[in-house]
Amino acid sequence: MASSLHVNGDRRPSNTRHPTAPPTMMNSHFAPVGENPSREQYEHGIQVIDEDKEFNQHLSTYLSIEKIIPAGFNYHLISVFGSQSTGKSTLLNYLFGTEFGVMSEQERRQTTKGIWMSKNKRVSAVKDANSMADNILVMDVEGTDGRERGEDQDFERKSALFALATSEVLIVNIWEHQVGLYQGANMGLLKTVFEVNLQLFIKDSKTIAKTLLFFVIRDHIGTTPMSNLRNTLLQDLSRIWSTLSKPKGLENSRIEDYFDFAFCALPHKILQPEKFEEEVEKLSHRFREGYNDPKKSGLLDEGSLPVFLPQYHRRIPADGFPVYAEGIWDQIVNNKDLDLPTQQELLAQFRCDEISREVLVAFDETITPLEDKQAEGVRLGQPTVLAGLGPAMNVARSTILKDFETNASRYHKGVYTRKRAELESKVDTRLKALFQKQLSAANKAGVEQFSSAVSAAVKSGQKKGNNYDFAHIVDSEKAKALAKFEEDAQAVLVQGASWSTYQADLTLYKKDLEEVSARLRKDEMRRLATRVERWVRSRLGESVGLEFNKLGTGRGGSGAPEHGDRPATEKDLWDRIWAVFTETVESAEGRFTDRARSFDASPDEVEVGLWRLRRKSWGVLRAKIDEEVMEGNILLKLRENFEDKFRYDESGVPRIWRPTDDIEGLYTKARESTVTIIPLLARFKLAATSAPPPLDAWIGSAPASTSSADEEDLAPIGGVDEDEGKSLEEEMTVLNDTKMQDLLVRFKKTADGVYVEAKRSAIGGMTQVPLYFYGLLLALGWNEIVAVLRNPLYFVFLILIGVGAYVTYTLNLWGPMARMTNAASNQALEIGKEKLREFLANTETGRQAVAMSGRGESIGMERLDRQGKKKVESEDEDEI
Ligand SMILES: Nc1nc2c(ncn2[C@@H]2O[C@H](COP(=O)(O)OP(=O)(O)OP(=O)(O)O)[C@@H](O)[C@H]2O)c(=O)[nH]1
């Protein structure tokens, strides 16, 4: 194995910049890393710091390739120190299977330049919890006392500081014969190490870790026992420690406070190669496995003690190591005071930010599409309730925080806590926006759903004959809406987020539902009002119509009987209409109030509803009155009224006019009586007061809670809205003067017609055949009657005609016979005409005659047509 690690100087590749080149061949520059850096490129490890003190930016690439980055704290770092060409690289190659460049035996010149790093390549034999093999990093530090650097100890000091700040174990490689010497035993270097360590402690005496100084004594011949060597070294170390000028506060500190010591001796590699390999193998095992079984341990020192104790660990997470190392080196190389806690804090900030960005990528992948969807919904004015939002938010939040914690919690606690809070707040701001938008979408959707569900239920109730309980519908739909909202809200609750509560939103939702309920209730009130108005209209239509119809009987006038049920008088027509109106509306009010209360309408709403009902009802009444007093209608009523008075006597028996009757007197009386109705009809007033009814007072003033929308569809009423409406006087005027005059004239004409008819019928009675005329007819025709009766032939003929007529009558054949006769006569007439045409066609005069007869025929036809039309018209009139 040893021979394979030795690189023959002659066979070494020439000077190259490739990172895999052996250190001897490397110049001060770093080798570029290819597009896809591979393990092979780093077979000799990586030159972390070159001889020109430049830090290698590819350290993190190397650690990634070696899979150290995700190891967290589960890695170890060992550095080796010692004089130049004392077999340090050889030792590391044996111990860890690394391939650091080794000087050939023939040359004695520096091979390791700067600081190299490589991962342990020897696989642990025992894979158990104590196995350290996988993640051991070793640093091969440029040898001290090299002739190449001469008196310049700057690099030596800087590399010592760097190794001390990063490594848990410092292997001090010395030859046995160097023990006891000052320079050869690296006592100068150790003094440097102690000094820089003290420097670090001044800054932070609490958190700085202890370091294990592992002395490996090479070429141990065995004449001097190991214990002597150890004691000598310890004495030397104590002496160096005592000579150090310690900073204030640390004057009494002991070397053991900062360092642990381990010692190990290896036989001569050239003289005792087998023994050397045997011992070095044991030492390797001790490093790789963390400890050695004391029984099996054949090492020359207390080889069973573990090498990597937790207190040695620098507590730099592996993923932050490259940044930390670079920061440390930057400080060292620029001769700044190395303040490890500050460096750790800076590292923590840097890494925490980086980790935040990394974990946010996965978070964004889940959350951004959801945010986009929501934004799209809002943009289109249709915010949508996103399905699966709650679980997505919960998973995204817990994942990001967990990932952050896993990676970042290893860093400086204070920084980590602060950065975690920052990340949490960043994440929560976005989640909260999602949460809020989801709730407001749920609110909107819920309110719409509630509104349409109530409307649908009301509609279906209306279809079933208005058989529904509005309050019940609203209550049950509201309960459903609230349950749905709570369910939606519960589904988006984010575990562990203090802002994730929906009580305020629920309250807002309840308020919104209340508002919608109030609006729906208002609509329902309107519908109720419309229904009640319709009811009022139909009731008023009937009862007011009846009252007006009573006018037509006319027996309430001058000819009214004094006994029995006194018929409605014309004088108190308006009183009765007012009474019927108020009664109807009051009963409608009762219905309205009962129903409105049933769906929780407030007293104010009921009051407004009733006020609207009264106003609208008046409009209905007014329209009905206008309809009744329309020209045709009222004229008919007046005519009926007049005819009633004129054609019937006081007992209600129809009059049969005789020429002797005082038709004129009765006509005048009846007409005058009816004419007095016209001014009565012209104005709505009560008989008792002769004044219009107290409409204003009855309607009452608008309640305080009346909105402009409530008044929108109301026709202005006189006295109530003076600006727009008619005055009360105008409102009560049913017929204006012109109309009255016109009606009077028309009525008189109608009455005149009735009078003329009556007069004609009285005269018509005189045109009847008097009885004596029949006596005269018998006396004058006596002889002919006797002649017929005496002559048997005539008598038999008479009997036959009588029998024939009887049979025809009993068989109901008179009609067909009449039609037959008619048809036969028509036929005969046609034939006659034809014959006449034929006859006349033969002569000139005849043709003229034909032409004339044709005209005559068409004239006759026209006449016939006219008669036919007249007949149809008269039939239509009968139907109406
Ligand atoms: N006598 C003796 N020689 C050794 C031993 N180990 C290595 N060597 C030889 O010492 C020489 C230097 O070995 P390196 O391993 O290159 O020494 P180094 O300390 O790494 O040298 P630099 O890196 O230049 O400081 C080589 O020729 C080795 O063969 C040993 O245990 N005993």
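Every residue gets a Cβ built from N, Cα and C, even glycine.
Quick look at what TrEMBL lists:
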- Gly82, Ser83, Gln84, Ser85, Thr86, Gly87, Lys88, Ser89: GTP binding site (BINDING)
- 709-722: compositional bias 'Acidic residues' (COMPBIAS)
- 860-873: compositional bias 'Basic and acidic residues' (COMPBIAS)
- 72-317: domain 'GB1/RHD3-type G' (DOMAIN)
- 1-37: region 'Disordered' (REGION)
- 699-722: region 'Disordered' (REGION)
- 856-880: region 'Disordered' (REGION)
- 1-768: topological domain 'Cytoplasmic' (TOPO_DOM)
- 814-880: topological domain 'Cytoplasmic' (TOPO_DOM)
- 769-788: transmembrane segment (TRANSMEM)
- 794-814: transmembrane segment (TRANSMEM)
Any residues 6+ beyond the ends of the transmembrane segment (794-814) with a Cβ under 8 Å from its own?
787-788
Helix, strand or coil: which one is Ser89 (GTP binding site) in, per DSSP?
helix
In sequence order, those binding-site residues of Ser83, Gln84, Ser89 whose CB lies under 6 Å from ligand 1:
Gln84, Ser89
Using Cβ atoms and a strict cutoff of less than 8 Å, what residues sit near the transmembrane segment (769-788) while being 6 or more residues removed from its termini?
794-795, 798
Using the CB centroid of Gly82, Ser83, Gln84, Ser85, Thr86, Gly87, Lys88, Ser89 as the GTP site centre, which other residues of the same chain sit with their CB within 8 A?
Thr112, Gly143, Asn173
Counting other Cβ atoms within 10 Å, pick out the least crowded of the binding-site residues Gly82, Gly87.
Gly87
Per-residue Cβ crowding (10 Å cut-off), top of binding-site residues Ser83, Gln84, Ser85, Thr86, Ser89
Ser89
Same-chain residues at least 6 positions away from Lys88 (GTP binding site) with a Cβ under 8 Å from its Cβ, in sequence order, are Val80, Phe81, Gly82, Thr112, Asp140, Val141, Gly143, Ile171, Asn173
Give the helix, strand or coil assignment DSSP yields for Gln84 (GTP binding site).
coil
